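To start, the structure under review is shown below, and the notes come after it.
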Amino acid sequence: RLGSVVAYLTSAKFLLYLGHALSTWGDRMWHFAVSVFLVELYGNSLLLTAVYGLVVAGSVLLLGALIGDWVDKNSRLKVAQTSLIVQNASVILCGIILMVIFLFKTQLLTLYHGWLLTMCYILVITIANIANLASTATAITIQRDWIVVVAGEDRSKLADMNATIRRIDQLTNILAPMAVGQIMTFGSPMIGCGFISGWNLMSMCVEYLLLWKVYQKTPTLALKSAKVEESELKQLNAKKESDMKPAEGVQLIVEKDVSGFEPQKEKEVGCGARIAEPFITFRDGWVAYYNQPVFLAGMGLAFLYMTVLGFDCITTGYAYTQGLSGSVLSLLMGASAVTGIMGTVAFTWLRRKCGLIRTGLISGLAQFACLILCVISVFMPGSPLDLTVSPFADISARLFENEPLPTIASPEPEMVFATGTPNLLNGSTTPAYSDPEMSPEPVPLISVSLLFAGVIAARVGLWSFDLTVTQLLQENVVESERGIINGVQNSMNYLLDLLHFIMVILAPNPEAFGLLVLISVSFVAMGHIMYFRFAQKTLGKQLFVCRTPDSKATPDSSPPGNTSTV
């Protein structure tokens, strides 16, 4: 028994989990801390944080395909090691710069009329963005490629590994911000910067060693498919479906051994061609994504990002306006992590019972059914929905009446708290009325309770659906294009996420939040309709016949008759 435990702890699978846990822990600490640091540096204003978020989203949107193409064109070990070093080195450098700013902020303000400090802000955001792009490359190569190779031909093992990776993500999402938050609270922002820089330095060394061990224990990682030329694809497409094994699906494309990954000698190209190459890669990546047999499934997942029904700053900010305290919100976030882990368990069970594609259908129905509670909450007592108030009134007032933009640093009490918004600055959740007789009656909690009940319950279906689409992409995208296709998928996710932030900017008042909920549920419904269409095209009349993956029926993990990926 002890031998089996030791064998597991030294296996490539466990080492991959350990490396992912270290990487994700560092990522979550940094993503949480950098937003706090930027708010702290800019006088408690959200301006730098908003700029950072916009730069990150725009960069992945524009460069996702290029990052994926770079992953495809280089050896696995080189990609993993390079992205790991760039990511961690960027975070360490950012931490050092932030420590210098915190130490000498007063002096920097006086040098060159404050322009030197502004350049430091730009440098921090730029380097932090590079760290995020490197993190994207790491996620593509490890979670979308390495994990498939380590699992081998065993799809059940692949499903279990995907689920375990998601459980690690759920736990680190809660625990890592709590840990660094305590350090920053009882220490200082500068101590927080030093801790994160030290952690990433240590983590980089350990992760580098773990990657090397996994690479050594999995010889097939040294083999990578060459890029299949268009002429070869046309010849493959000409083959009839009967000439191939049904289970192979789009993975039938011939793999070429490129151990050592020596690139072919390229012809010399002109300067204009080199300039145009990134744009051509960008175009080809999106075209290839569109032509994927799992395109509708990927689009369905992307549409789920166009929502305010999650535990981000928008939903938690709305909860504060409805009278929920920080302690209650932390408990709700913990409950959401638990239901997310339940979703990963449900995924593995459903996949064994009903197959991969039907798991996505069941998960989608479960998520949508839970979100009906959110729709009901919009019309329940306590909901601030007021259709007589224009959702654009706040912006139009600022634009056409020249009202100043409010900041967190110096709010006007009469303006901010007269509507019953909780006093967030002094840590109290009680509206700041000077005269108790003027205080309105407590807001009924029926609406906000139903809202969060729906959001928390829906995460079971959400994470099960996410894992379904992830595995569909892993199984049905040819190996030589995994990078670029998953890079475009990340770009689509960021595009819809960016649209949801724009939607909130256009309708920021609490009275419009109910409309945002209805729009969000509509986008979730559209996403699942796309997935249903994908499942219908793939399984046909067998769609509602629940069979196990081991059944002799046509496998539901890849669309039959689709061998083209370009």
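Using the three backbone atoms N, Cα and C, a Cβ is placed for every residue, glycine included.
Pulled from TrEMBL, these are the features on record:
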type     : residues : note
TRANSMEM : 45-71    : transmembrane segment
TRANSMEM : 83-104   : transmembrane segment
TRANSMEM : 110-134  : transmembrane segment
TRANSMEM : 294-320  : transmembrane segment
TRANSMEM : 326-349  : transmembrane segment
TRANSMEM : 361-380  : transmembrane segment
TRANSMEM : 443-462  : transmembrane segment
TRANSMEM : 483-506  : transmembrane segment
TRANSMEM : 512-532  : transmembrane segment
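The list of residues near the transmembrane segment (443-462) in space but at least 6 beyond its ends in sequence, with Cβ under 8 angstroms from a Cβ of it, reads 304, 309-311, 315, 319, 322-324, 332, 335-336, 339-340, 342-343, 346, 363-374, 376-378, 380-383, 420, 517. By number of Cβ pairs under 8 Å, the transmembrane segment (294-320) is matched best by 512-532 from the list 110-134, 483-506, 512-532. The transmembrane segment (361-380) makes contact with the transmembrane segment (512-532): 3 or more of their CB pairs lie within 8 A, with pairs spaced 6 or more apart in sequence. Same-chain residues lying 6+ beyond the ends of the transmembrane segment (512-532) with a Cβ under 8 Å from its Cβ atoms: 296-297, 299-304, 306-309, 318, 360-361, 364-365, 367-368, 371-372, 374-375, 377-379, 383-385, 389, 391, 451, 465, 469, 496, 500, 503-504. Sequence-distant contacts of the transmembrane segment (45-71), counting only residues of its own chain at least 6 positions beyond either end whose CB sits under 8 Å from a CB of the stretch, comprise 34-35, 38-39, 79, 121, 125-126, 128-129, 132-133, 136-137, 140-141, 145, 278, 281-282, 284-286, 407-409, 482-491, 494-495, 497-498, 501.
For the transmembrane segment (83-104), same-chain residues at least 6 beyond its ends with a Cβ under 8 Å from one of its own Cβ atoms are 23, 26, 30, 34, 37, 41, 117, 120, 123-124, 127-128, 130-131, 134-135, 137-138, 141, 188-190, 193-194, 196-197, 200-201, 203-204, 207-208, 211.
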